Amino acid sequence: MASGTAVNAAPSGGPGDVSLEEPKKMTREDWRKKKELEEQRKLGNAPAEVDEEGKDINPHIPQYISSVPWYIDPSKRPTLKHQRPQPEKQKQYSSSGDWYKRGVKEHSIATRYRKGACENCGALTHKKKDCMERPRKVGAKYTGMNIAPDEHVQPQLMFDYDGKRDRWNGYNPEEHMKIVEEYAKVDLAKRTLKAQKLQEELASGKLEQVERDHNSEDEDEDKYADDIDMPGQNFDSKRRITVRNLRIREDIAKYLRNLDPNSAYYDPKTRAMRENPYANTGKNPDEVGYAGDNFVRYTGDTISMAQTQLFAWEAYDKGSEVHLQADPTKLELLYKSFKVKKEDFKAQQKESILEKYGGQEHLDAPPAELLLAQTEDYVEYSRHGTVIKGQEKAIACSKNEEDVKINNHTCIWGSYWKEGKWGYKCCHSFVKFSYCTGEAGKEIANAEANLLEEQPREEEHMTKPKTLMEIHQEKQKEKKKKKHKKSSNSDSEGEEKKKQEKLKKALNAEEARLLQVKEIMQLDERKRPYNSVYETREPTEEEMEAYRMKRQRPDDPMASFLGQ
């Protein structure tokens, strides 16, 4: 016992030995010295503690962090190793250069069985219990034939935070050579096109002018590059379209257009400036290059949607159950039908007024400028008729080209007019790109006209074309006639008798159906026969009327007297 006690009480001799002494309670003096030493270290008057690696320990670290647990280091040496990541708990991540192998060729098939391979197929990459091939009657281990090739097993990659987000990981730089070759082909095509165009200009004698216009070779290359689309790219050099976050150098930022802090507000998150930055400067919004983003609020279907919403509110006030968000399709169809009916009503109202009071000729009159040959434009003329002040009246130009004679014609197109057709005066031809036939063409045209005049006119087959007003009036009359016929037919006695007979048959069928339903409902649920209520045809009006007449209404206070 004495020797054992002496061993336990003896201090460790070597520096690497771990002391197994029980912790002793500190005296008041030792505790006070320890606290004073800590204060001196915090003030910088005493050197800081040093760990086993020679690193200083910050004296301001709290004790519950700097104190070492007994199960980590029983020697109680000052250290912060327990606060650092433990090596045995660190995950082993794959390096940045590791990636899945692509395009790996299968190895050559073995001719004899190898030790440790699958007994069923002979592959080295798996065992018999993991084999996915059909179980053979005699395995490859015993036959040594039809040995399957070894599968290529991809590595199990485990990347850290940066490795998972590395977009270039696994990229083969040799793939970029394909793009380089493609650009080289485009460059060769440019040079070929340039050489071909120079040859054409040299042959036509325009080479000097080209050399004077394009002095540098770079400008010439840009000229040809604008005409050729790059592969996979559709770019128009005349309309430079930029992305939202990319601006050209000449563009002015929205927040720099007006430096007054009380001007239009610029939202940096959405990069939007709703109001006009030049509102308080007195500039016309039509003259400035940028007048705010509020114009976007009135583009697209915004106005039509606002009109639909207004129609929904008005229809709801008048008793129609429509809502823009709840029933958008119903509201859209209702609004379209409303607009059509409104236009028809206006047209009918206009027609009725014109029929009653007349005045259609005033609506077909030409504009006042053409009718009175005067405008509000001020023009001052001299004594000789020349314009002194104002803009001279433009001479009306013909829509046809003047003084252009084609296909041997001696007159221009439009020099001849007959029966609403334009033609050539030289040959009376009404085909624009026809060849001139001269006097012979005139004689043929006159002979055809005389032949048509000699033929008897069949006036009964010739009908004068009707105007839109007459066609609309005829349609309205036909609608009224149809309505009158329907009302007269429905009031006839024969139709009424037929309807009564059909209704009687429908009532009998409905009573039979109700009796059948009553019998089925009296049976047990498990003994009821299968009865399908599916009907392919639509019920007639008489069947619906019979169903309504025979239907029981529990809410009706007189329903209890029906069976009496």
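Here the Cβ of each residue, glycine as well, is placed from N, Cα and C on the backbone.
Copied over from Swiss-Prot, here are the features:
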- 21-42: compositional bias 'Basic and acidic residues' (COMPBIAS)
- 216-229: compositional bias 'Acidic residues' (COMPBIAS)
- 478-487: compositional bias 'Basic residues' (COMPBIAS)
- 495-507: compositional bias 'Basic and acidic residues' (COMPBIAS)
- 535-556: compositional bias 'Basic and acidic residues' (COMPBIAS)
- 1-61: region 'Disordered' (REGION)
- 75-100: region 'Disordered' (REGION)
- 204-231: region 'Disordered' (REGION)
- 473-507: region 'Disordered' (REGION)
- 519-564: region 'Disordered' (REGION)
- 116-133: zinc finger (ZN_FING)
- Summary of DSSP states over the compositional bias 'Basic and acidic residues' (21-42), given as helix, strand and coil counts: 15 helix, 0 strand, 7 coil
- Positions whose Cβ lies under 8 angstroms from the region 'Disordered' (75-100), at least six residues beyond its ends: 18-19, 49-52, 57, 61, 65-66, 68-69, 154-155, 157-160, 162-163, 166, 169-170
- Query: Along the zinc finger (116-133), what average pLDDT does this model show?
  - Reply: 93
- Query: Helix, strand, coil residue numbers for the compositional bias 'Basic and acidic residues' (535-556) per DSSP?
  - Reply: 10 helix, 0 strand, 12 coil
